[in-house]
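Trainee: One structure coming up, written as structure tokens, with questions to follow.
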Amino acid sequence: MAEKSEAIQPIGIPAAETMSDYEDLKAPGNDDFEVFKKSDDAVDFRTVGWPHASIILLKIQFALGVLNLPTVLYIVGALPGALLICAWGAYNTYSAVLLGAYRNRHPGIHTQVEMAYRVGGIWFKELTGALFIIGNVLCVSAGLVGVSTGINALSHHAACTVWWGFLAMVAAAGGASIRKLARVGYIMWVGFISLFVATFIVVVAVTTRDRPAAAPPTGPFELGYRVIGHPNFLEGVTSCSSIFVASAGASAFVPVISEMRNPKDYKKAIYAAQAMVNSSYLTFSLVVYAWCGQWVASPALGSAGQTIKMIAYGIALPGLFASTIVYLHIAAKYIFVRLLRDSVHLQSNSVVHWSIWLGLTFGLATIAFIIYEAVPILNYLLSLMGSVCFAPLCIIFPPIFWLHDFNHWRKGTFLQQLAWVMHIVVALIGAFLTVAGTYGTIRSIIDAYAQGIIDFEQRRDEITHQLVHAAETAGFMTLVDHGIEVNEIEAQFAISKAFFDLPPDVKKKIPHSKETNNGWEYKAQLRPSTGVYDEKESLWLQRNSEWPSDEDVPNFRSTTTAFIEKCAKISDDVLSCFATALGFSEDYFHIANDPTKPDSLTQLRLIHYPPTNGGAGTWRAGSHTDIGCLTLLFQRDNEDGLEICPGRESSTSFASGDIFTPLPAKTGPIVVNIGDMLMAWSDDRLKSNFHRVRAKDTGASPSRYSIAYFNQSRKDYVLQGPKKK
Ligand SMILES: O=C(O)CCC(=O)C(=O)O
Ligand SMILES: [Fe+2]
């Protein structure tokens, strides 16, 4: 049976004068000193050799996050980025050494939490414990995101994300329930090798391509490689935090020491792990950045194209599991040791021992799964975790623990005083990053709520399902709660009416050009379906086309540009749903149709159908399909006339004589329809259907105004569906 472990010493134990004072007291590795004891009938936890420990420490840090570092390099520039990677790598190594040394100077320590108790009493202990457990459980949730993203990339069944997450949770809980870290260590070997090989393949593969997978496939493009970037304050802080978090594992390292055969070998393990992690971070991120520039794909494993992405995910999957398992194991071990520290059950094969252990691994996995599934702002929560949990645990607390033992250096030699000051400075830098990082993330959460992004993200699967169903059948759908207020739509219509009210000579200042299809046209659109010109006038606009002057229509350009930005965002969101449903990456159409690029074909069209009396035999807009990718159509109350013909109901050329259904006009909701480009792009799965606009056959029809935003592909894009037909 295990000896009763020595209780943690209360605060106020005399500070040692030198390190060797402690070494004389009780050396690490001695039973009195250690949390886990050695005896014939006790389960032996102290079985991890240093190379094995090194791999565990390595795997705690090394994850696919390395492939997101190039995005950070793009923001800050290659040189500051590389310096930040080195600086944080060095500091995170140092803080890991500080914690390990503190642990090896004081008996009975399992995690940082006992260090906090020695230094600051119960409050500091509970604060550290809370940050430790919250941080690690969130890392488990992040792990589940990684695993399910991987499985989705391989399976093409985006709708099953919840199930993949659940299965990953059960599998991870099973893996983490292996009681001894030494055995979990074997999973870490496999995990590390799998992730290393997967990232290595992507890194090598990006260097063999002429252009990044996410860049436009043809034509000139800007790589976006910058030696020095120009981030604003928030971007700078966020980038700094992301690079710090990539190698911030120190707090999870400490419990590994308690299971080492020889705790004094910890330093060897940590130096080996950090050398490997930081050199691969530096080389991988610089190479990927040099080749991909701003065109790093999301998820980053896709940066070398679809085939490599599938291979890399296949190889990375065990590694993604390993990440989830190690954080879960460490979180569960912390509570396990806390609960059973003074009990025989800590190291016996009793029912109590096993029930508590399995209860903890599966219980914490369930909590992590619920967070993964239910928190709509998980991405933001994960960046908050960096500044709220890991900045204090890994930057602020280690020097504070050190200062507690070495406070007398304040009055020591010059070098000792310098060391004393430097530890205070580092703790202050940590405090700054905690506050600034938290502030930055909270600001972006508030912005995201204000823009409706959170609600959309929360219901993305459900919305995708509805959009795809409508697109596969009618080809038409109506969006509500889309983020453009009724008064903004009315204001845009007022601007449009002000333009059309101008005398023709003024409107002619921006004539329609056959080359660009921009400008004002009057009864000039000849429809193949009707053989006559549409009874309408319209103004086609692009970001870089000619615009009516402010003298002719006050605020025309500023109001309309803001309106276009909102339409771009909405059509992007809708297309991101179609992209995942079709098996493309979420941002596929965003890149292919990017309206800010000079070769963009995306247009806004303001339309006016003049009033008529008895419209029989004429067409406001003859039957047609839209040639673009996706159309957003705005209408006004009481200006009906739009009629649609769902695909099943059209059987003749131009659907003439087929059944058309009127779609009443309302100010507010946006009518969305699929265009020919998206139909081609989806291997005909999403339907570009016929529609037309009619005035009443008899009696008066008032003017009708409509506004269409045509989201179209860029000029040089090849439209090819996932089946590559
Ligand atoms: O004005 C409308 O309601 C329809 C316009 C239209 O279908 C188009 O311009 O393609
Ligand atoms: Fe149309």
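In case you wondered, yes, glycine gets a Cβ from its N, Cα and C as well.
Because TrEMBL annotations are produced automatically, they should be read as predictions rather than curated entries.
These came from TrEMBL, pasted as-is:
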- 600-713: domain 'Fe2OG dioxygenase' (DOMAIN)
- 56-76: transmembrane segment (TRANSMEM)
- 82-102: transmembrane segment (TRANSMEM)
- 123-147: transmembrane segment (TRANSMEM)
- 153-174: transmembrane segment (TRANSMEM)
- 186-206: transmembrane segment (TRANSMEM)
- 236-257: transmembrane segment (TRANSMEM)
- 269-291: transmembrane segment (TRANSMEM)
- 311-330: transmembrane segment (TRANSMEM)
- 351-371: transmembrane segment (TRANSMEM)
- 377-397: transmembrane segment (TRANSMEM)
- 418-439: transmembrane segment (TRANSMEM)
Trainee: Any chance the transmembrane segment (311-330) and the transmembrane segment (418-439) have 3 or more Cβ pairs under 8 A, given the pairs are 6 or more apart in sequence?
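Mentor: No, these stretches are not in contact.
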Trainee: In the same chain, which residue numbers or ranges, 6 or more beyond the ends of the transmembrane segment (269-291), come under 8 angstroms Cβ to Cβ?
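Mentor: Beyond its ends, the transmembrane segment (269-291) has Cβ neighbours at 50-51, 53-55, 57-58, 61-62, 66-67, 69-70, 72-74, 78, 81-82, 85-86, 89-90, 92-93, 96-97, 100, 196, 199-200, 202-203, 206-207, 209, 212, 225, 246-247, 253, 256, 260, 300, 303.
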Trainee: Give me the stretch from 56-76, 123-147, 236-257, 351-371, 418-439 with the greatest number of Cβ pairs under 8 Å to the transmembrane segment (82-102).
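Mentor: It is 236-257 that shares the most Cβ pairs under 8 Å with the transmembrane segment (82-102).
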Trainee: Can you tell me which parts of the same chain pack against the transmembrane segment (418-439), counting only residues 6+ beyond its ends and a CB-CB cutoff under 8 A?
Mentor: 91, 237-238, 240-241, 244, 383-384, 386-388, 391-392, 394-396, 399-400, 402-403, 406-407, 409-410, 412
Trainee: Summarise the domain 'Fe2OG dioxygenase' (600-713) as counts of helix, strand and coil residues per DSSP.
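Mentor: With helix first, then strand, then coil, the domain 'Fe2OG dioxygenase' (600-713) has 12 helix, 44 strand, 58 coil.
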Trainee: Under a Cβ pair cut-off of under 8 Å, which of the recorded stretches 56-76, 123-147, 236-257, 351-371, 377-397 contacts the transmembrane segment (186-206) most often?
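Mentor: When the Cβ pairs under 8 Å are tallied, 56-76 comes out ahead.
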Trainee: Mind looking up the mean pLDDT for the domain 'Fe2OG dioxygenase' (600-713) in the predicted model?
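Mentor: Looking only at the domain 'Fe2OG dioxygenase' (600-713), pLDDT averages out to 90.
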